[in-house]
């Protein structure tokens, strides 16, 4: 069975390739160019495809590169911009995994003769006695990426390989040092690959996106206490960056897009009982879900016990304990007690 290994040039994907090679797997390297060359790219920086291709040549591995920049702009970047225009907080990494890495890149791998696509994600793929193929949280809690894969179609995940699921990041780095192998592009990837410096505000300004302007900041009691810089710059639950000195810490409670009002309040106003989602991706039939399940609505959040009802148009999540309001546009990932991913959906808003 031939396996394509998605190579970004960094530590994780390189070690995934090495592990498969050491297992005797029939592999080739595959790099996707998701972004056009930057006009301000420093002259000394290597072209990623050339650097990765040279590394594969040293390892005796065939290498292919595919240009998916136009598709990435349409499927990931354009929706990212539109989400901010309408006041949501998008999750482009989850969208990219669903549409690009395990969408078009997997298609490219299959066209090149691969049966599966391996990536450097820290997530486990297991065969469950009742559910068949399942996705499970990675062994490294600090690097687990199951949350970002919860929107990937089950049939696509069945064609994936995740060699790093049982590894921790520090182990991966140590093993590369032991093997005296340096990644061609060793710097850690930034949070959003197409946003320089992870500064989404500057990115949107540079794109000359027409965004809602300033408006009033109003407390939950209806008192105007300041002005915001545009609702797109704020997220539910946010505390920092409000620019207001107040008698108590203030948080963003909600965004009134129709009236361009930012509603703020104390921590006691952040008690969301649940959330609604759309674009639901079921990895396990809800009829087979266990009684005890939990939900993550943010990447760094520990899964929170909840009840989840799946309907024709989405999921309704009801937390056991009140939570910080889930941000519209983010992902709600559903887990069982062992960390198997049961479903994912895009958050419409808190309830």
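A Cβ is built for glycine as well, from the same backbone N, Cα and C atoms used for every other residue.
Quick look at what Swiss-Prot annotates:
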- 96: active site, nucleophile (ACT_SITE)
- 6, 7, 8, 9, 10, 11, 12, 13, 120: ATP binding site (BINDING)
- 96-193: disulfide bond (DISULFID)
- 121: site 'Interaction with tRNA' (SITE)
- 330: site 'Interaction with tRNA' (SITE)
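Overlay of Swiss-Prot feature records on the structure.
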residue	record	Cβ contacts under 8 Å, 6 or more apart
6	ATP binding site	13, 30, 31, 32, 101, 105, 109, 117, 118, 119, 120
12	ATP binding site	120, 121, 122, 164, 169, 172
96	active site, nucleophile	34, 72, 75, 76
193	disulfide bond	34, 35
330	site 'Interaction with tRNA'	89, 90, 91, 297, 298, 346, 347
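Under the three-state DSSP scheme, residue 6 (ATP binding site) falls in the strand class. Compute the center of the Cβ atoms of 6, 7, 8, 9, 10, 11, 12, 13, 120, which mark the site for ATP; besides them, the chain residues with Cβ within 8 Å of that center are 14, 16, 119, 183. Look at the residue listed as 'active site, nucleophile': DSSP puts it in a helix. Between the binding-site residues 10, 120, 120 has the most other Cβ atoms inside 10 Å of its own Cβ, all protein chains included. Mapped onto three states, the DSSP output places residue 121 (site 'Interaction with tRNA') in coil. Reduced to three states, the DSSP call for residue 330 (site 'Interaction with tRNA') is coil. Of all residue pairs in 6, 7, 8, 9, 10, 11, 12, 13, 120, the annotated binders of ATP, the farthest apart have Cα atoms separated by 12 Å.
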